[in-house]
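The structure appears below as structure tokens.
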Amino acid sequence: MPTIDIESAIWNSGYENIACCDEVGRGCLFGSVLAAAVIMPKDVIIDGVKDSKKLSHKKREQLYEIIKEKSLAIGVGTVSSEIIDKINIKNATRLAMKKAILSLKDKDGNIVAPDYILIDAEEIDVPTPQSAVIKGDDLCHGIAAASIVAKVLRDRLCQRWEEEHPNYGIGQNKGYGTKAHREALKEHGPSPMHRKSFLNKIL
């Protein structure tokens, strides 16, 4: 279970607003990559927070509401399939994370600037001090919270995308390359929201 050990060491070094960041959708064939950043109050732990992939849909939704209530700030950044194809998924992921950090706002809509950033296994191009945490969503409470926010928000987008592009089962597969999704691609061809650079081995 993730702890606040990493955050505590940074708080004890004199930093206050630690933004924790994670992404979802990096490996998808369809749709944007989405990153979320979360600033939690010092020493606050939300029971049950862990890597979003290890939680049920219902539990993620419940925890998302608690994270929204207890966090100091949340930011979200997305990068479209078109941009992913132009700059590659690694750069697109970093860009989404940068957007999330720069869009951090409190409940009143005020911009909140972090003084330290913890990121799941990445580094981003901002002047703020930062650390990349390998397996961050397993180890770091704040990164796990960010993973939940990112997963919930992207899953909600997938439901909307399903309505706009009904042939691919996006509401169920979330854009990942399941067997049914690959077969639908062969039958219908790619939609404008598919990542063309990901489809070379499929089509």
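One is the number of the first residue shown, and numbering goes on along the chain from there.
The backbone N, Cα and C atoms fix where each Cβ goes, and this holds for glycine too.
Divalent metal cation binds ASP22, GLU23 as Swiss-Prot records it, and from the list ASP120, ASP125, ASP138 the residue named for this site is ASP120. Its Cβ taken as reference, GLU23 (divalent metal cation binding site) is surrounded by 28 other Cβ atoms within 10 Å in the chains shown. Local packing around the binding-site residues ASP22, ASP120 was summarised as the count of other Cβ atoms within 10 Å of each Cβ; on this measure the leading residue is ASP22.
Neighbours of the divalent metal cation site: apart from ASP22, GLU23, ASP120, residues of the same chain with C-beta atoms within 8 angstroms of the site's C-beta centroid are CYS21, VAL24, ALA35, ALA36, MET97, ILE119, ALA121, GLU122, GLY136, ASP137, ILE143, ALA146, SER147, ALA150.
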